């Protein structure tokens, strides 16, 4: 009797694979970026073994391709992620997210007094990195937050 210890996640024929997501961040990305708002199959692997990270999350979305803007927005929470475009079971394009200047309509401002929480406006944050930390500044209340504070909303 053979015993195979390798984890196997089914390959997709066509679509997007987001790999090297920090462990415990995959579900948050699915929610924030509305990656489940499709009628296509979405596969998520949580706490998978990773030589580089110890453990990682992985998301596969069949027949859906992310825009460059969407890929770059992932950099706020998964800066070392790779986004692979798959066609006929082969990687045809590999993208690495880079920090965008702005992120709109995705996040919620943590400031409970911000008008973006009570008025029908789309959230909007400017993004910058300082000393290895990602900071987000709300367009409306002009308060600046560490990305963890915004992620918890």
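Just so you know, glycine gets a Cβ as well, placed from its N, Cα and C.
With a cut-off of 8 Å between CB atoms and residues at least 6 apart in sequence, the same chain places 109, 111, 114, 116, 123, 124, 125, 144, 145 near residue 138 (Zn(2+) binding site), listed in sequence order. Residues or ranges marked as Zn(2+) binding site in Swiss-Prot: 109, 114, 138, 141.
Those residues of the chain, other than 109, 114, 138, 141, with a C-beta within 8 angstroms of the mean position of the Zn(2+) site C-beta atoms are 110, 111, 113, 115, 116, 117, 123, 139, 140, 142, 143. Highest Cβ count within 10 Å among the binding-site residues 114, 141: 114. Within 10 Å of the C-beta of residue 109 (Zn(2+) binding site) we count 23 further C-beta atoms, all protein chains included.
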